[in-house]
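Notes to accompany the following structure.
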Amino acid sequence: MIVFPIGSFSSSPIAAVISGVLVLLSCFQATLGAPCPINGLPIVRNISDLPQDNYGRPGLSHITVAGALLHGMKEVEIWLQTFAPGSETPIHRHSCEEIFVVLKGSGTLYLAETHESFPGKPIEFPVFANSTLTIPINDAHQVKNTGHEDLQVLVIISRPPIKVFTYDDWFMPHTAARLKFPYYWDEQCLQESQKDEL
Ligand SMILES: *[C@@H]1O[C@H](CO)[C@@H](O)[C@H](O)[C@H]1NC(C)=O
Ligand SMILES: *[C@@H]1O[C@H](CO)[C@@H](O)[C@H](O)[C@H]1NC(C)=O
């Protein structure tokens, strides 16, 4: 092992190379981390300036207003989502509290009490502007825009980042449900935070 006296180390060519590499690495990380700033959130933000995407789901617009992986939130995550007429969430469940606040439009909430081995035929609830939907923990559900204008909802969930189990239909066994983690809008951030740990 080579021991450098502190004084000479800082002025040595090796130190220069190491600090050069460190500067390069931190630039690289800054570039990689740009879409996922784990630095908390500004006090006031303009929603119109936040990035939105459909994450490959036709008719969806998703904005993570405040996220665990995106912004380092610990207890809650908030999404603003807009569903075009006819579009819907997958049938899914998760073990967190979830409240929807319907800001605009109308639609249908399909909710199945979790039966022993599969969700089963869901109950249909009409949802409308200024309504709230409370999703019981772990019950399979789906929200669909069954109206004629955009359905816009604010979604508040606890214990993020959530693990989501998706179903092809209401009679698919719970054991066959697919775990989707990280969820679509968190995929990029989780990959980046794993890279950072290497
Ligand atoms: C919010 O952002 C939108 C789009 O950039 C802009 O038109 C609007 O004026 C902003 N609102 C305020 C209060 O700055
Ligand atoms: C929602 O309900 C509240 C309480 O009655 C009311 O003040 C508000 O104007 C309503 N908003 C809409 C969009 O209907």
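Positions of Cβ are set from backbone N, Cα and C atoms, glycine also.
Some features that TrEMBL has for this protein:
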type: BINDING; residues: His92, His94, Glu98, His141; note: Zn(2+) binding site
type: DISULFID; residues: Cys36-Cys189; note: disulfide bond
type: CARBOHYD; residues: Asn130; note: N-linked glycosylation site
type: SIGNAL; residues: 1-33; note: signal peptide
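Structure coloured by features recorded in TrEMBL.
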residue : record                      : DSSP class
His92   : Zn(2+) binding site         : strand
Glu98   : Zn(2+) binding site         : strand
Asn130  : N-linked glycosylation site : coil
His141  : Zn(2+) binding site         : strand
Cys189  : disulfide bond              : helix
Residues close to Zn(2+) site centre defined by His92, His94, Glu98, His141, Cβ within 8 Å: Thr89, Arg93, Cys96, Ile135, Asp139, Ala140, Val164
C-beta crowding around Asn130 (N-linked glycosylation site), within 10 angstroms: 8
Fewest other Cβ within 10 angstroms of its own Cβ, chosen from the binding-site residues His92, His94, His141: His92
Close in space, distant in sequence - Glu98 (Zn(2+) binding site), Cβ under 8 Å, 6 or more apart: Thr134, Ile135, Val155, Ile156, Ile157, Ser158
Entries of His94, Glu98, His141, Cys189 (recorded positions) sitting next to ligand 2, with Cβ under 6 Å as the cut-off: none
Residue pair His94 (Zn(2+) binding site), Cys189 (disulfide bond) - Cα distance, angstrom, rounded: 20
